[in-house]
Amino acid sequence: MNRTESNELGHLNIAGVDAVELANTYGTPLFVYDVEEIRKNAQRFVQTFKELGVQAQVAYASKAFSSVAMLQVAQQEGLSLDVVSQGEMHTAIQAEFPKERIHLHGNNKSVDELEMAIKEGIGCVVVDNFLEIELLKELLTKYNHQMDVLLRVTPGIEAHTHDYILTGQEDSKFGFDLWNGQAEQALLQLQANDHIQVKGLHCHIGSQIFETHGFVMAVKKLFEALGNWKEKHGYTPDVLNLGGGFGIKYTDEDEPLPLATYVKELVQEVKYQSMEYDFPLPEIWIEPGRAIVGDAGVTLYTVGAIKHIPDVRTYVSVDGGMTDNLRPALYHAKYEAAVANKMNAQLEQTVSIAGKCCESGDMLIWDVDVPALDSGDILATFSTGAYGYSMSNHYNRFPKSAVVFVENGHHQLVIQRESYQEVTRLDLSYERP
Ligand SMILES: Cc1ncc(COP(=O)(O)O)c(C=O)c1O
Ligand SMILES: N[C@@H](CCCC[NH3+])C(=O)O
């Protein structure tokens, strides 16, 4: 998204709409999505597979941002869907997302979740552990239902990213280890069941990754194991799901690869390895979340208190923070900002942007250059479309922000701002016994 585009009033423009007008209309904090940008990102993945002539599914990892409107857009762009919980599955069903293109993930799926997947006719379950195999077998027998599954494996890859968003290494809570015999044992247990078709393997090496080496290594490792299983058990996969994790630009320090590059290199390696091991080319599935919605999202805040500590720092507090963007507190994630009502003003000071939670770590940005600021200014932080709203929380009982979609000069509310009545809606009074 263009972070500097402004209109004749010197206001930030988002997809042809004045950001200040959005803040005035819907209030702040406000998540704004440029829907055209979401569509472009989705199409880059989908089109690249098409151009390469490879059977593929691009499953949007809805954990990045799940809402009915978002899943409608995902469907319009021909994406499949990755859900990891009953709540995400429910949202997909509310959005009338084609059930056969929904894939259910989770490292601790409950009986209720698996039962819902079966009853709703969800397309594929990504099996993660031995308990799940047992539960799935029982439930499929009970409902006399057939289920396609993928086997989630950890290939032993350490991608270059923050420790908390690494997932492909041996020491991981996700999936079956590819090398200690557990993945093979799981494959055999699944294959032995008449209600289960093991469509293939799944691996996801981590998130916010800026190079292709880790993905290519993961493909090599999957084929190494598959080659062995083909000889021993005659197993060949129809599908390889290589997960998500494609990095995006948050600040100028980030240098993401073009999305097509990830796809091209993955396809090239899968083709090469399929030939080496004499496998028919499997369908390739991927699961991007951040790369679909991350850079399409902007958060608008209103500037409140400004605290200047001479020779130390200026804290500029805004009306949101770790309740709508947990990533700086959780991963030391960095963001860039602009003052949406002063886009043409000279940058003249370095300040730090603080949230309003009762927590010193509630800082959105340490050190950002801004023009002279006044309370009431509208601050925009960029690339907040992924894992912002979806990880938002009620700390200090702040209501959840609203979400607006903008496309071709039009704006539309797609998630309402939570009211204070809603914040306490589950509370019951206590009767002293
Ligand atoms: C299994 C799986 N698939 C897909 C994703 C989406 O990752 P990203 O948003 O980095 O593309 C994740 C999150 O890291 C994940 O755990
Ligand atoms: N929530 C994380 C990424 C992990 C997502 C899923 N495994 C983030 O904001 O970067």
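Along the chain as shown, the residues are counted starting at 1.
Every residue gets a Cβ built from N, Cα and C, even glycine.
TrEMBL: automatically predicted annotations, no manual curation.
Take the pyridoxal 5'-phosphate site that TrEMBL assigns to Glu287, Pro288, Gly289, Arg290, Tyr387: the candidate from Gly245, Gly320, Gly321, Gly355 listed for it is Gly245. Spread of the substrate binding residues is 27 Å (greatest Cα-Cα distance among Arg290, Arg327, Tyr331, Glu359, Tyr387). Between the binding-site residues Gly245, Pro288, Gly289, the minimum number of other C-beta atoms within 10 Å of a residue's C-beta occurs at Gly289. Residues Gly245, Glu287, Pro288, Gly289, Arg290, Tyr387 are listed as the pyridoxal 5'-phosphate binders, and the farthest two of them sit 15 Å apart at their Cα atoms. Most Cβ neighbours within 10 Å, among the binding-site residues Glu287, Glu359: Glu287 holds that distinction in the structure as shown. Tyr387 (pyridoxal 5'-phosphate binding site) falls within neither a helix nor a strand when secondary structure is assigned with DSSP, and so counts as coil. Note on Lys63 (N6-(pyridoxal phosphate)lysine): other Cβ atoms within 10 Å of its Cβ, all shown chains, come to 20. Checked against ligand 2, the recorded positions Gly245, Glu287, Pro288, Gly289, Cys358, Glu359 give no residue with a Cβ less than 6 Å away from one of its atoms.
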